[in-house]
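Novice: Below are the C-alpha coordinates for one structure; questions will follow.
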Amino acid sequence: ILFSTLVFGPACGFILGSVCTKFYVDFIFIDTSKLSITPDDPRWIGAWWAGFLLCGALLFFSALLMFGFPHSLPAREVDEGAESEQVMLPPALSQEYETPKPSNGVVLIHEPANSPTCCQQLRVIPKVTKHLLSNPVFTCIILAACMEIAVVAGFAAFLGKYLEQQFNLTTTSATQLLGMTAIPCACLGIFMGGLLVKKLNLSALGAIRMAMLVNLISTACYVSFLFLGCNTGPVAGVTVSYGNETINVGEKPEAQCISHCNCFTSSISPVCGSNGVTYLSACFAGCSRTGKTQTASNILQNLTGCACISSESGPATVTTGKCPMPGCQEVFLIFLCVICVCSLVGAMAQTPSVIVLIRTVSPELKSYALGLLFLLLRLI
(Lines of atoms letter the chains of each structure in order from A and count residues from 1; the text may use other names and numbers.)
(Lines give C-alpha, C1' and ligand atoms only; values in the text may rest on other atoms or scores of the structure.)
Protein backbone atom coordinates (compact mmCIF):
# COMPACT_ATOMS: atom_id res chain seq x y z
CA ILE A 1 0.00 0.00 0.00
CA LEU A 2 2.87 2.37 0.83
CA PHE A 3 4.67 1.92 -2.49
CA SER A 4 1.40 2.00 -4.43
CA THR A 5 0.44 5.37 -2.98
CA LEU A 6 3.94 6.73 -3.66
CA VAL A 7 3.29 6.28 -7.38
CA PHE A 8 0.41 8.75 -7.31
CA GLY A 9 2.93 11.55 -6.80
CA PRO A 10 4.57 11.18 -10.24
CA ALA A 11 1.12 10.73 -11.81
CA CYS A 12 -0.04 14.05 -10.40
CA GLY A 13 3.33 15.56 -11.35
CA PHE A 14 2.97 14.58 -15.00
CA ILE A 15 -0.53 16.07 -15.15
CA LEU A 16 0.53 19.29 -13.37
CA GLY A 17 3.55 19.48 -15.67
CA SER A 18 1.31 19.32 -18.73
CA VAL A 19 -0.78 22.15 -17.27
CA CYS A 20 2.36 24.26 -16.74
CA THR A 21 3.50 23.76 -20.33
CA LYS A 22 0.26 25.31 -21.57
CA PHE A 23 1.48 28.65 -20.20
CA TYR A 24 4.27 30.48 -21.99
CA VAL A 25 7.61 30.59 -20.20
CA ASP A 26 7.42 34.39 -19.65
CA PHE A 27 3.65 34.70 -19.22
CA ILE A 28 4.13 36.85 -16.08
CA PHE A 29 6.08 39.56 -17.91
CA ILE A 30 4.51 39.63 -21.38
CA ASP A 31 1.03 39.78 -22.84
CA THR A 32 0.46 36.24 -24.11
CA SER A 33 -2.58 37.32 -26.13
CA LYS A 34 -0.20 38.99 -28.60
CA LEU A 35 1.91 35.88 -29.16
CA SER A 36 2.04 34.57 -32.71
CA ILE A 37 2.59 30.96 -31.61
CA THR A 38 0.53 28.38 -29.72
CA PRO A 39 1.49 25.32 -27.60
CA ASP A 40 1.28 23.26 -30.81
CA ASP A 41 4.14 25.25 -32.34
CA PRO A 42 7.63 23.63 -32.09
CA ARG A 43 9.02 27.00 -30.92
CA TRP A 44 6.73 27.07 -27.87
CA ILE A 45 8.49 26.91 -24.49
CA GLY A 46 6.23 26.20 -21.54
CA ALA A 47 6.55 27.49 -17.99
CA TRP A 48 8.98 24.77 -16.91
CA TRP A 49 9.96 26.71 -13.78
CA ALA A 50 6.46 26.66 -12.25
CA GLY A 51 6.79 23.02 -11.21
CA PHE A 52 9.88 23.70 -9.10
CA LEU A 53 8.14 26.48 -7.18
CA LEU A 54 5.02 24.39 -6.63
CA CYS A 55 6.94 21.28 -5.54
CA GLY A 56 9.16 23.34 -3.24
CA ALA A 57 6.14 24.82 -1.48
CA LEU A 58 4.44 21.41 -1.15
CA LEU A 59 7.59 19.80 0.23
CA PHE A 60 8.05 22.59 2.77
CA PHE A 61 4.51 22.35 4.14
CA SER A 62 4.53 18.54 4.17
CA ALA A 63 7.83 18.60 6.08
CA LEU A 64 6.14 20.61 8.84
CA LEU A 65 3.84 17.66 9.50
CA MET A 66 6.89 15.49 10.22
CA PHE A 67 7.37 17.36 13.50
CA GLY A 68 4.16 15.76 14.75
CA PHE A 69 5.69 12.30 14.98
CA PRO A 70 6.56 11.11 18.52
CA HIS A 71 10.14 10.65 19.67
CA SER A 72 9.61 6.88 19.90
CA LEU A 73 6.83 4.54 18.84
CA PRO A 74 4.90 2.57 21.49
CA ALA A 75 6.30 -0.87 22.30
CA ARG A 76 4.48 -4.00 21.21
CA GLU A 77 4.83 -7.72 21.69
CA VAL A 78 7.36 -9.25 19.29
CA ASP A 79 6.11 -12.30 17.45
CA GLU A 80 8.97 -14.73 17.70
CA GLY A 81 7.45 -16.93 15.02
CA ALA A 82 7.44 -14.14 12.50
CA GLU A 83 10.96 -13.04 13.31
CA SER A 84 12.26 -16.60 13.01
CA GLU A 85 11.67 -16.54 9.27
CA GLN A 86 15.08 -15.06 8.57
CA VAL A 87 16.93 -16.53 5.61
CA MET A 88 20.30 -15.91 4.03
CA LEU A 89 21.56 -14.15 7.14
CA PRO A 90 25.30 -13.39 7.37
CA PRO A 91 27.19 -14.06 10.59
CA ALA A 92 25.44 -12.19 13.34
CA LEU A 93 26.70 -8.97 14.78
CA SER A 94 28.51 -9.07 18.05
CA GLN A 95 26.45 -8.64 21.17
CA GLU A 96 27.35 -4.97 21.26
CA TYR A 97 25.29 -4.28 18.14
CA GLU A 98 22.58 -6.89 18.44
CA THR A 99 20.64 -5.27 21.23
CA PRO A 100 17.54 -3.73 19.68
CA LYS A 101 15.54 -0.85 21.02
CA PRO A 102 12.02 -2.30 21.51
CA SER A 103 10.24 0.95 20.62
CA ASN A 104 11.33 1.57 17.05
CA GLY A 105 14.01 -0.94 16.05
CA VAL A 106 16.96 1.50 16.06
CA VAL A 107 20.21 -0.23 16.88
CA LEU A 108 21.79 1.13 20.04
CA ILE A 109 24.77 0.30 22.21
CA HIS A 110 23.74 -1.86 25.12
CA GLU A 111 23.61 0.23 28.27
CA PRO A 112 21.27 -1.19 30.90
CA ALA A 113 21.34 1.80 33.21
CA ASN A 114 21.38 4.87 31.02
CA SER A 115 20.12 5.57 27.52
CA PRO A 116 22.92 6.01 24.97
CA THR A 117 24.17 9.44 24.07
CA CYS A 118 24.10 10.89 20.58
CA CYS A 119 27.82 10.31 20.07
CA GLN A 120 27.47 6.66 21.08
CA GLN A 121 24.70 6.20 18.54
CA LEU A 122 26.77 7.87 15.79
CA ARG A 123 29.72 5.57 16.49
CA VAL A 124 27.54 2.56 15.76
CA ILE A 125 26.43 3.77 12.30
CA PRO A 126 29.70 3.13 10.37
CA LYS A 127 30.04 -0.36 11.86
CA VAL A 128 26.43 -1.29 11.11
CA THR A 129 26.71 0.13 7.58
CA LYS A 130 29.85 -1.92 6.93
CA HIS A 131 28.08 -5.00 8.29
CA LEU A 132 25.11 -4.52 5.96
CA LEU A 133 27.20 -3.83 2.86
CA SER A 134 29.28 -6.95 3.56
CA ASN A 135 26.09 -8.99 3.07
CA PRO A 136 26.28 -9.95 -0.65
CA VAL A 137 22.54 -10.54 -1.04
CA PHE A 138 21.69 -7.17 0.51
CA THR A 139 24.29 -5.36 -1.61
CA CYS A 140 23.18 -7.02 -4.86
CA ILE A 141 19.52 -6.14 -4.25
CA ILE A 142 20.41 -2.50 -3.56
CA LEU A 143 22.57 -2.28 -6.70
CA ALA A 144 19.79 -3.86 -8.76
CA ALA A 145 17.29 -1.33 -7.38
CA CYS A 146 19.67 1.56 -8.14
CA MET A 147 20.15 0.40 -11.75
CA GLU A 148 16.41 -0.03 -12.20
CA ILE A 149 15.68 3.45 -10.86
CA ALA A 150 18.40 4.90 -13.12
CA VAL A 151 16.78 3.32 -16.18
CA VAL A 152 13.30 4.44 -15.16
CA ALA A 153 14.49 7.99 -14.42
CA GLY A 154 16.15 8.34 -17.82
CA PHE A 155 13.20 6.72 -19.55
CA ALA A 156 10.70 9.04 -17.88
CA ALA A 157 12.80 12.17 -18.49
CA PHE A 158 13.01 11.67 -22.25
CA LEU A 159 9.76 9.80 -22.91
CA GLY A 160 7.73 12.98 -23.35
CA LYS A 161 10.14 14.32 -25.97
CA TYR A 162 10.28 10.88 -27.61
CA LEU A 163 6.49 10.79 -27.97
CA GLU A 164 6.53 14.34 -29.27
CA GLN A 165 9.06 13.56 -32.00
CA GLN A 166 8.11 9.97 -32.83
CA PHE A 167 4.32 10.25 -32.84
CA ASN A 168 3.95 13.98 -33.61
CA LEU A 169 2.33 14.78 -30.26
CA THR A 170 2.51 18.05 -28.37
CA THR A 171 4.43 18.22 -25.09
CA THR A 172 1.21 18.80 -23.17
CA SER A 173 -0.65 15.82 -24.58
CA ALA A 174 2.40 13.54 -24.22
CA THR A 175 2.81 14.27 -20.49
CA GLN A 176 -0.91 13.98 -19.87
CA LEU A 177 -1.07 10.57 -21.54
CA LEU A 178 1.88 9.34 -19.48
CA GLY A 179 0.35 10.56 -16.24
CA MET A 180 -3.03 9.01 -16.96
CA THR A 181 -1.91 5.61 -18.30
CA ALA A 182 1.59 4.33 -17.49
CA ILE A 183 1.80 5.66 -13.92
CA PRO A 184 -1.54 4.21 -12.70
CA CYS A 185 -0.57 0.88 -14.29
CA ALA A 186 2.68 0.92 -12.31
CA CYS A 187 0.66 1.60 -9.16
CA LEU A 188 -1.57 -1.37 -9.91
CA GLY A 189 1.48 -3.54 -10.60
CA ILE A 190 3.05 -2.73 -7.22
CA PHE A 191 -0.18 -3.61 -5.44
CA MET A 192 -0.60 -6.85 -7.44
CA GLY A 193 2.99 -7.86 -6.68
CA GLY A 194 2.43 -7.49 -2.96
CA LEU A 195 -0.88 -9.33 -3.20
CA LEU A 196 0.73 -12.28 -5.02
CA VAL A 197 3.49 -12.55 -2.43
CA LYS A 198 0.89 -12.63 0.31
CA LYS A 199 -1.54 -15.04 -1.36
CA LEU A 200 1.15 -17.45 -2.54
CA ASN A 201 2.99 -17.17 0.80
CA LEU A 202 6.31 -16.89 -1.02
CA SER A 203 9.56 -17.46 0.79
CA ALA A 204 12.55 -15.23 0.16
CA LEU A 205 13.77 -17.53 -2.61
CA GLY A 206 10.31 -17.58 -4.17
CA ALA A 207 10.15 -13.78 -4.04
CA ILE A 208 13.52 -13.56 -5.82
CA ARG A 209 12.29 -15.92 -8.54
CA MET A 210 9.13 -13.87 -8.97
CA ALA A 211 11.11 -10.62 -9.24
CA MET A 212 13.44 -12.13 -11.86
CA LEU A 213 10.53 -13.50 -13.88
CA VAL A 214 8.55 -10.27 -14.05
CA ASN A 215 11.70 -8.27 -14.84
CA LEU A 216 12.50 -10.57 -17.76
CA ILE A 217 8.96 -10.22 -19.10
CA SER A 218 9.10 -6.44 -18.68
CA THR A 219 12.45 -6.25 -20.51
CA ALA A 220 11.02 -8.23 -23.42
CA CYS A 221 8.15 -5.75 -23.63
CA TYR A 222 10.55 -2.80 -23.69
CA VAL A 223 12.50 -4.39 -26.57
CA SER A 224 9.31 -4.21 -28.64
CA PHE A 225 9.62 -0.39 -28.60
CA LEU A 226 12.39 -0.75 -31.19
CA PHE A 227 9.76 -1.86 -33.70
CA LEU A 228 6.99 0.61 -32.79
CA GLY A 229 7.05 4.04 -34.34
CA CYS A 230 5.91 6.22 -37.18
CA ASN A 231 7.83 6.80 -40.38
CA THR A 232 9.59 10.13 -40.74
CA GLY A 233 7.66 10.99 -43.90
CA PRO A 234 8.86 13.13 -46.80
CA VAL A 235 11.20 15.95 -45.74
CA ALA A 236 12.23 18.28 -48.55
CA GLY A 237 15.96 18.26 -49.12
CA VAL A 238 16.54 15.41 -46.67
CA THR A 239 14.49 12.33 -47.58
CA VAL A 240 13.05 13.64 -50.83
CA SER A 241 14.56 16.06 -53.30
CA TYR A 242 13.17 19.43 -54.29
CA GLY A 243 13.45 18.51 -57.94
CA ASN A 244 15.50 15.94 -59.76
CA GLU A 245 18.83 16.75 -58.10
CA THR A 246 20.68 14.20 -55.98
CA ILE A 247 20.97 14.90 -52.24
CA ASN A 248 24.27 14.07 -50.56
CA VAL A 249 24.36 13.23 -46.88
CA GLY A 250 25.48 16.14 -44.70
CA GLU A 251 25.04 18.80 -47.36
CA LYS A 252 22.70 21.76 -47.09
CA PRO A 253 19.52 21.37 -49.17
CA GLU A 254 19.75 23.45 -52.31
CA ALA A 255 17.13 24.26 -54.89
CA GLN A 256 16.32 26.99 -57.36
CA CYS A 257 13.29 28.09 -55.34
CA ILE A 258 15.46 29.00 -52.33
CA SER A 259 18.54 30.25 -54.16
CA HIS A 260 17.69 33.84 -53.18
CA CYS A 261 17.09 32.89 -49.53
CA ASN A 262 19.70 32.80 -46.76
CA CYS A 263 18.45 29.71 -44.92
CA PHE A 264 20.32 28.12 -42.02
CA THR A 265 20.12 24.46 -40.97
CA SER A 266 21.28 25.40 -37.46
CA SER A 267 17.79 26.74 -36.69
CA ILE A 268 15.17 24.14 -37.58
CA SER A 269 11.47 24.87 -37.13
CA PRO A 270 9.56 22.29 -39.20
CA VAL A 271 6.58 23.38 -41.26
CA CYS A 272 4.08 21.32 -43.21
CA GLY A 273 3.42 22.35 -46.76
CA SER A 274 0.04 22.18 -48.43
CA ASN A 275 1.54 19.47 -50.68
CA GLY A 276 2.05 17.13 -47.68
CA VAL A 277 5.84 17.55 -47.56
CA THR A 278 7.66 18.69 -44.41
CA TYR A 279 10.22 21.49 -44.77
CA LEU A 280 13.03 22.27 -42.32
CA SER A 281 11.64 25.77 -41.91
CA ALA A 282 9.47 28.28 -43.73
CA CYS A 283 12.65 29.63 -45.30
CA PHE A 284 13.41 26.25 -46.90
CA ALA A 285 9.88 26.24 -48.28
CA GLY A 286 10.59 29.56 -50.02
CA CYS A 287 7.80 31.43 -48.24
CA SER A 288 7.96 35.16 -48.89
CA ARG A 289 4.75 36.61 -47.50
CA THR A 290 3.50 36.65 -43.95
CA GLY A 291 -0.06 37.46 -43.03
CA LYS A 292 -1.84 37.26 -39.72
CA THR A 293 -5.00 35.36 -38.95
CA GLN A 294 -6.96 36.19 -35.81
CA THR A 295 -8.35 33.18 -33.95
CA ALA A 296 -10.34 32.91 -30.75
CA SER A 297 -7.22 32.69 -28.59
CA ASN A 298 -4.16 33.79 -30.58
CA ILE A 299 -2.89 35.65 -33.60
CA LEU A 300 -1.48 33.06 -35.98
CA GLN A 301 0.95 33.65 -38.81
CA ASN A 302 -0.28 32.61 -42.23
CA LEU A 303 2.78 31.91 -44.39
CA THR A 304 1.96 32.14 -48.07
CA GLY A 305 3.70 32.59 -51.36
CA CYS A 306 5.93 29.55 -50.82
CA ALA A 307 7.92 29.18 -54.01
CA CYS A 308 8.98 25.57 -53.39
CA ILE A 309 5.39 24.33 -53.17
CA SER A 310 3.57 23.64 -56.39
CA SER A 311 0.42 25.71 -56.73
CA GLU A 312 -1.31 22.98 -58.73
CA SER A 313 -2.62 21.31 -55.55
CA GLY A 314 -3.96 24.59 -54.15
CA PRO A 315 -2.59 27.65 -52.35
CA ALA A 316 1.15 27.45 -51.67
CA THR A 317 0.97 27.76 -47.88
CA VAL A 318 2.59 26.11 -44.87
CA THR A 319 1.53 25.47 -41.28
CA THR A 320 3.78 25.05 -38.25
CA GLY A 321 4.80 21.54 -37.26
CA LYS A 322 5.58 18.33 -39.12
CA CYS A 323 3.07 16.82 -41.51
CA PRO A 324 0.98 14.06 -39.89
CA MET A 325 1.61 10.55 -41.12
CA PRO A 326 -1.27 8.18 -41.97
CA GLY A 327 -1.63 5.26 -39.55
CA CYS A 328 0.48 6.94 -36.87
CA GLN A 329 -2.47 7.20 -34.50
CA GLU A 330 -3.01 3.43 -34.54
CA VAL A 331 0.68 2.75 -33.91
CA PHE A 332 0.64 5.16 -30.98
CA LEU A 333 -2.31 3.35 -29.40
CA ILE A 334 -0.36 0.07 -29.64
CA PHE A 335 2.67 1.81 -28.08
CA LEU A 336 0.47 3.10 -25.24
CA CYS A 337 -0.90 -0.39 -24.54
CA VAL A 338 2.60 -1.92 -24.53
CA ILE A 339 4.00 0.71 -22.16
CA CYS A 340 1.07 0.11 -19.80
CA VAL A 341 1.85 -3.63 -19.78
CA CYS A 342 5.56 -2.89 -19.23
CA SER A 343 4.78 -0.59 -16.31
CA LEU A 344 2.37 -3.05 -14.71
CA VAL A 345 4.58 -6.13 -15.06
CA GLY A 346 7.82 -4.36 -14.13
CA ALA A 347 6.31 -2.81 -11.01
CA MET A 348 5.24 -6.23 -9.73
CA ALA A 349 8.88 -6.84 -8.70
CA GLN A 350 8.88 -3.91 -6.26
CA THR A 351 7.30 -5.60 -3.24
CA PRO A 352 9.15 -8.96 -3.58
CA SER A 353 12.46 -7.09 -3.75
CA VAL A 354 11.75 -5.16 -0.56
CA ILE A 355 10.60 -8.32 1.23
CA VAL A 356 13.82 -10.14 0.27
CA LEU A 357 15.81 -7.10 1.39
CA ILE A 358 14.16 -7.20 4.83
CA ARG A 359 14.63 -10.94 5.22
CA THR A 360 18.36 -10.79 4.46
CA VAL A 361 19.18 -8.64 7.49
CA SER A 362 18.89 -9.18 11.23
CA PRO A 363 15.55 -8.17 12.78
CA GLU A 364 17.04 -5.24 14.67
CA LEU A 365 18.56 -3.84 11.44
CA LYS A 366 15.41 -3.76 9.31
CA SER A 367 14.68 -0.06 9.81
CA TYR A 368 18.26 0.99 9.14
CA ALA A 369 18.47 -1.31 6.08
CA LEU A 370 15.44 0.35 4.50
CA GLY A 371 16.87 3.77 5.30
CA LEU A 372 20.16 2.81 3.66
CA LEU A 373 18.26 1.56 0.61
CA PHE A 374 16.49 4.89 0.05
CA LEU A 375 19.70 6.82 0.72
CA LEU A 376 21.64 4.86 -1.92
CA LEU A 377 18.73 5.04 -4.38
CA ARG A 378 18.94 8.83 -4.34
CA LEU A 379 22.72 8.98 -4.10
CA ILE A 380 23.60 6.50 -6.87
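Here the Cβ of each residue, glycine as well, is placed from N, Cα and C on the backbone.
Worth saying up front: this structure is predicted, and the values here are computed from it rather than measured.
Pulled from TrEMBL, these are the listed features:
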{"type": "DOMAIN", "residues": "251-307", "note": "domain 'Kazal-like'"}
{"type": "TRANSMEM", "residues": "7-25", "note": "transmembrane segment"}
{"type": "TRANSMEM", "residues": "45-67", "note": "transmembrane segment"}
{"type": "TRANSMEM", "residues": "137-157", "note": "transmembrane segment"}
{"type": "TRANSMEM", "residues": "177-197", "note": "transmembrane segment"}
{"type": "TRANSMEM", "residues": "209-228", "note": "transmembrane segment"}
{"type": "TRANSMEM", "residues": "332-358", "note": "transmembrane segment"}
Novice: Between the transmembrane segment (332-358) and the transmembrane segment (137-157), are there three or more C-beta pairs closer than 8 Å, counting only pairs 6 or more apart along the chain?
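Specialist: With 3 or more qualifying Cβ pairs, these stretches touch.
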Novice: Ranking 7-25, 45-67, 137-157 by the number of C-beta pairs under 8 Å to the transmembrane segment (177-197), which range is first?
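Specialist: Per the Cβ count, the answer is 7-25.
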Novice: Excluding the flanking five residues on each side, which residues at least 6 beyond the ends of the transmembrane segment (45-67) place their CB within less than 8 Å of a CB in that stretch?
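Specialist: For the transmembrane segment (45-67), the far contacts come to 13, 16-17, 20-25, 27, 39, 171-172.
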Novice: Can you check how the pLDDT averages out over the domain 'Kazal-like' (251-307)?
Specialist: 72
